[in-house]
Amino acid sequence: MNISRLFSFLFHGNLVKRISIGLLLGIIFALVSPSLESALGFHLAEKMGLLGQIFVRSLRSVAPILVFVLVIAAIANKKVGSKSNMKDIIYLYLIGTFLSALTAVFASFMFPTTIALATNEAELSPPGKITEVLTALIFNVVDNPITALFNANFIGILAWAIGLGITLRYASETTKNVMNDFAEAVSKIVHFIISFAPIGVFGLVASTLADKGLSALLDYVQLLAVLVGSMLFVAFVINPIIVFWKIRRNPYPLVWECIRVSGVTAFFTRSSAANIPVNMELAKRLNLDEETYSVSIPLGATINMGGAAITITVLTLAAVFTLGIEVSIPTAILLSLVASICACGASGVAGGSLLLIPLACSLFGISNDIAAQVIGVGFIIGVLQDSTETALNSSTDVLFTAAACMSEERKNS
């Protein structure tokens, strides 16, 4: 293989194949590095984490400006009378999140799990009430646009982009063309960054295995089985049922494509925001309506949190079973609703779904001290829990967007 063909494969070949190669090389590198540590004087696999950090940082950096520009361009050029399907997509997001929480409740009752409540060393500042989460979301909507871009506050970015887009619908065609050209330029930068995904995955896998390994997870096998099993059930059973209800045909080719492209990347980046550019690229490749996906995907990264709802529910019920608290069916359903609301605010809280566990624990009179210990357990299993949660959250964003768009096409055909 000559240099040009090798370069073409590394940066222009099938992305999933290249990511798979990066994954395998990362695992091999992490296994081999300890034997080289004495000769080199440092752990080489840990140093490779820099490659992963650069990749994730690049995606996170470009995501806010990508969303801002694409939404403005899409709405400014929106044809009068055209339909964006946003109402259907938001319904799908909310239904999917609630059903995810219900799935976690059933799984937890089928396989009751107890945990060793270790002392949590991290300094935590969990919100005290559900109203605080909802208030934070409202304040995010009216955030300063520069601050929203700087802090990657996607709710604020969407609010300003939608407002500017509506206003620019009355601008001249020249102005609209400039916005389109700007959006295209940012999209090309995103495409360039995504081409480095295999190198980023290689660095992330090598450093993660070198740092924590899998030994830290062995004490929580059953808890992880319930968590990951619930997420897999939602991904391969619940979501396909919802998609079939919308598109009225075999949903699995679409489900598999979304998991294969979006889910795999999100699993390693562990960031819904960082995966927005990947979802945008996939939506474009699926020929979805740009006016729809340019808004629904960043919105989904904020409110479509089925994986977070599962995490909150499973860990809360694990604490409940550990403490011997009786749980009635109505209370379990209420927990699903609370977990769904909490999950929708997870992106606006530092620490995500884990720091919202005290809200759900408060339903059962569990103190914040004990809830904080549950969060500590969450941090221990986070290497797998957070990755799987993000993969489910992010792949569902593009899946439900595609389902709504395809449903609309079916109605119009």
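Cβ atoms here come from the backbone N, Cα and C positions, even for glycine.
Features reported for this protein in Swiss-Prot:
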- 21-41: transmembrane segment (TRANSMEM)
- 61-81: transmembrane segment (TRANSMEM)
- 89-109: transmembrane segment (TRANSMEM)
- 146-166: transmembrane segment (TRANSMEM)
- 189-209: transmembrane segment (TRANSMEM)
- 224-244: transmembrane segment (TRANSMEM)
- 305-325: transmembrane segment (TRANSMEM)
- 337-357: transmembrane segment (TRANSMEM)
- 363-383: transmembrane segment (TRANSMEM)
Segment proximity, the transmembrane segment (89-109) to the transmembrane segment (224-244), 3 or more C-beta pairs under 8 Å: yes
Cβ contacts under 8 Å made by the transmembrane segment (189-209) with residues that lie 6+ beyond its boundaries: 10-12, 15, 18-19, 21-23, 25-27, 29-31, 33, 45-56, 58-59, 62, 66, 265, 268-269, 277-278, 280-281, 383
Folded-back contacts onto the transmembrane segment (146-166), same chain, C-beta under 8 angstroms, at least six residues removed: 60, 63-65, 67-69, 71-76, 78, 137, 140, 273, 276, 295, 298-299, 301-302, 347-348
